[in-house]
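Feature list (source: TrEMBL):
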{"type": "TRANSMEM", "residues": "A:21-42", "note": "transmembrane segment"}
{"type": "TRANSMEM", "residues": "A:54-75", "note": "transmembrane segment"}
{"type": "TRANSMEM", "residues": "A:82-99", "note": "transmembrane segment"}
{"type": "TRANSMEM", "residues": "A:105-128", "note": "transmembrane segment"}
{"type": "TRANSMEM", "residues": "A:135-153", "note": "transmembrane segment"}
{"type": "TRANSMEM", "residues": "A:173-193", "note": "transmembrane segment"}
{"type": "TRANSMEM", "residues": "A:224-244", "note": "transmembrane segment"}
{"type": "TRANSMEM", "residues": "A:256-272", "note": "transmembrane segment"}
{"type": "TRANSMEM", "residues": "A:279-300", "note": "transmembrane segment"}
{"type": "TRANSMEM", "residues": "A:306-325", "note": "transmembrane segment"}
Amino acid sequence: MTHLSSSRFKVPSLRKSADSEYLATILILLAVWIFLVVISVINRSDFLSKATFSAVTFNMCIIGILAIGQGFVVISGGILDLSITVSMLITSFMIVVFYDRGWNTPLLIIVSILCAGVFGLFNSILVVWLRINPLIVTLATGFAGGGVLLIVFDRGLVDPKSSIADFGTSHLFGFPTAWWPMALLTIGAHFFFKYSRFGRHFLAVGGNPLSSKAMGISLKQMRVATFVGASIIGGIAGIVFAGFTPEIRPNAGTYYMLPVIAAVVLAGFSLAGGRGSFLALFVSVGFLSTIPTALVFFGLESIWQTFIQGFILIIAVSIDAYRIVKVKGR
Amino acid sequence: MSLNKSMAIKTIAIISALAFIVPTTSATAAPKFKLCVALGGIPGILGALGTTGDPIAKAGAKKRGWDYYEVSNKLDAPTAVKNADLIVQQKCSALIQFNGRPEVNPTIAKKLAKAKIPVITYDIAQPGWYFLGIDNLAAGKAGGAALGKLIKEKWNCQPDLVLESHGYGAGIVDAMRTGGMVEGLKSVCPDIDKSKFKPFEGNGEIAVSQPAARDILAANPTAKKIAVVGLNDAGVVGSLLAARQLGSGYEAMGWGQDGNLIAGDKVDPDLKGSVLYFLEGYSAYAFEVLDAIAKKSAPKMRDGAVNPAILVKPCPVSAAQAQGIPVDSVRIKKLAQDPSKTLYSIYCPK
């Protein structure tokens, strides 16, 4: 541990350069976001309204939480968790099951999220002990998990009179109530990865697993914590999803994967692991969530967002690939 | 010679008798009509019937003294193809098919055509298969007219916005159903301005229709009285929720299609009604064609959704009326007791 602590003090310049890079990413994203808002206002002055604000912040809720979970996996070197929407749906379905059995709300939320955590544990067992590529594992468990949900549940109906349904439509301090978990998770993730030792272990493992191992960090433990943690975060998205969606279908997660990955890559998270800012991720989610609303103001259907998000993803991945090549070339 | 003559007469008599007996015997030995059923696939009632079996088809076959064989297509294309081989092996006389993986239907169709097995398909058209489905245009018009009456009563036919939650992927079905709803609505309120109708892609799912509707509402900030029509209940409910999410200033009401979210005690308060299709009772209609096939007088092939072999009559119900209709499992049991009826005749409010 002493060795680890001392090694940490050897890299302040690297951390400083990373911080300035993150700041630059945030500023660029903010500039692009503001530009989008400005041209939308020029197009139609009523773009700046309470309804637009609500629409955008509601758009952010689920995508934002899932992006934090995905960012957690990416930053820790797990590449991507393609089953994170299954974690979300497991929680949503379990909420319905426990609610119908008369459980009280706090208990059903906790147990439902833990169910998602068990799914993450299953993922990590396959990744760590069977040494299968995380991308393949989560792709497979994503399909298999969706299939199991289809067989077991077919669909889940949320009671419109329940507190979960109320959570999905109410407001708190001017924002949708469902927006706050995403905002708090963003702040929590930022401080966790920047200031806690455990958080920096994830960054270290993601950036350079061999050096981390040499420093005494257990790669297995970190990988397990990564997938369990990501699934739990996915489970938190499941609460919001249950609040938004009175009829839960096992295939509903498919609509979130593209914007979530686009948000993570656009925020500058390296798919090679070890780098990324959760504050930049917040801005990235905000920008991507504004696009569909702005499109409608421009007279286009919000369905165009898929095309635009895909396009942005290609650009962002290309920039990341260029950055990796550049770093390797040094 | 006389002996030979009498023998010849006897022989002729025996042969003559045999000539009558043989066809009679062969008719008795002919295999019984065998009804085969392959359901299952996408989530929903027809998908669930693939797992649990189809009691209506089974009861109808039993009543007619037919043999019966059923398999589940699950949500799996290879299973559906493998099932086609089983159907051929079983020497089925006719097949009721619902396959949620229609991309393999041409392959299945070839196998079944080779074995000369006629097919009745539910809701998914395939050339050469009798199409059985809901009368989508009538369903749309009935739902739209019902919502129109409410709009006339409550808003004097002056909604600020009419959200059309389409599912363009459903092609002609969406055009007839959602388009029919607009037509039905206009039949009651003909003076609603064209600009107030806002079509959008809702994909028949809450997860898609809700954010899309939110964005449209944001882009129309002065609109507060919102009417919603759509391809199905989910697409409509997603839009109704979007209005509630944006604030208490909105007044919204919608009328759905398919009845998926109108029954039971978890009904959205702004979903004022829906159109029931009673999918779980489709097989009761299928016997119209099956009986003809069994009598060797198969009807003329009508294999398209536009020109179907059998049209199922839609049943518009208000949210209050829907409370009096039992859930699908109870309805199935009731119909299985007398498969000569239809769920429409038993449950649709007069």
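Counting begins at 1 with the first residue displayed.
Cβ from N, Cα, C; glycine included.
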Among A:54-75, A:135-153, A:279-300, point out the range having the most Cβ pairs under 8 angstroms from the transmembrane segment (A:82-99).
A:135-153
Using a Cβ cut-off of under 8 Å, list the residues of the same chain at least 6 residues beyond the transmembrane segment (A:135-153) that approach it.
79-86, 89-90, 93, 119, 122-123, 126-127, 248, 250-251, 253
How about the transmembrane segment (A:224-244) with the transmembrane segment (A:21-42) - do they touch, taking at least 3 C-beta pairs under 8 Å (6 or more apart in sequence) as contact?
no
Taking residues 6+ outside the transmembrane segment (A:21-42), which of them lie with a CB under 8 Å of any CB in it?
48, 266-268, 275-277, 279-280, 283-284, 286-287, 290-291, 294, 297-298
For the transmembrane segment (A:306-325), give me same-chain residues lying six or more residues beyond its boundaries with a C-beta closer than 8 angstroms to one of its C-beta atoms, as numbers and ranges.
258-259, 261-262, 265-266, 268, 270-272, 288, 291, 295
